[in-house]
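Chemist: I grabbed these lines from Swiss-Prot:
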TOPO_DOM  22-225  topological domain 'Extracellular'
DOMAIN    135-207  domain 'Ig-like C2-type'
CARBOHYD  150  N-linked glycosylation site
DISULFID  155-193  disulfide bond
MOD_RES   279  phosphotyrosine
MOD_RES   296  phosphotyrosine
MOTIF     314-319  motif 'ITSM 2'
MOD_RES   316  phosphotyrosine
REGION    326-345  region 'Disordered'
MOD_RES   341  phosphotyrosine
């Protein structure tokens with residue numbers, strides 16, 4: 001008899017730690033931001049349930065059995081969970097909808113039943129992630145040596161998230177950075193980056209032919225840009241040199257022909273003198289020698305000139321010979337004396 005009780009005690013000692021371990025085990029539950037998540041309770045005998053109390057940082061809700069044909073009744077005890085919690089029958093699984101980042105954390109469910117062990121505790125850890133968008137592949141380093149494209153590819157998501165892993169196919173490389181040594185024989189390959197977190201995954205691809213084309217185009221663009229800059233520089237130097245030589249020429253011309261000189265006066269207004277010249281016609285004496293047939297006298301006007309030029313007036317004055325003078329000799333048979341001009345400027 002004593003031996004029988006000893007075997008029962010040993011059996012209880014073996015099963016108690018196992019039951020305690022089950023109660024203290026933490027289940028990880030992953031949820032997606034803005035969507036719903038389910039906490040699995042999985043009660044084997046729903047009719048034995050009296051009440052389930054849910055707590056987190058604060059009290060969350062408690063669940064009581066409904067009628068035989070209705071779902072369990074949920075009473076929310078914290079305002080942050082209003083209209084976002086319901087329970088599924090018949091296993092009393094708890095559902096939280098419209099997940100927020102602040103919902104993440106530890107949760108505990110105390111399950112009270114009518115039979116032994118009367119109270120069972122289950123623990124959960126809720127992790128919330130964003131659904132990943134399409135990753136982006138960028139070329140962070142490019143080089144081309146001996147017809148080989150050496151490219152460093154970087155794969156990234158729009159918002160850096162926790163627990164995001166990257167994988168490259170067909171190479172099977174892990175990590176968001178991939179170093180490629182592309183040869184002409186491998187131009188038909190396509191590299192695919194897959195970003196993944198515990199709740200979602202997405203991918204993007206790029207062809208090897210596109211990589212090498214982008215490298216060649218990049219070098220051509222760089223070379224063309226450099227030539228354009230050099231051409232603009234030489235054009236600017238040519239323009240500045242032309243302006244400098246022109247100004248130097250004008251300065252030297254001003255030194256050779258200073259302002260006020262006859263050349264400058266004539267160059268600026270070659271018709272100014274003719275507009276201000278007055279001619280006087282005077283008959284010369286018959287005894288005037290042929291060598292002295294014309295006499296020019298130039299008289300300069302005052303330096304102060306009127307602002308507006310007056311019209312040119314020509315005055316002719318004729319002098320008649322006296323009646324007592326005889327006829328001229330044969331040598332003087334030419335027209336009576338040549339006219340003499342008096343020029344007034």
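Glycine is no exception: its Cβ is also placed from the backbone N, Cα and C atoms.
Provide an account of the burial state, proximal residues and distances for the features listed.
Modeler: Under the DSSP three-state reduction, residue 150 (N-linked glycosylation site) is assigned to strand.
Other Cβ atoms within 10 Å of the Cβ of residue 155 (disulfide bond) number 23 in total over all chains.
Mean model confidence for the motif 'ITSM 2' (314-319) is a pLDDT of 48.
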Chemist: Have a look at the recorded positions (150, 193) and report the one with the fewest Cβ neighbours inside 10 Å.
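Modeler: It is 150 that, of the recorded positions 150, 193, has the fewest other Cβ atoms within 10 Å.
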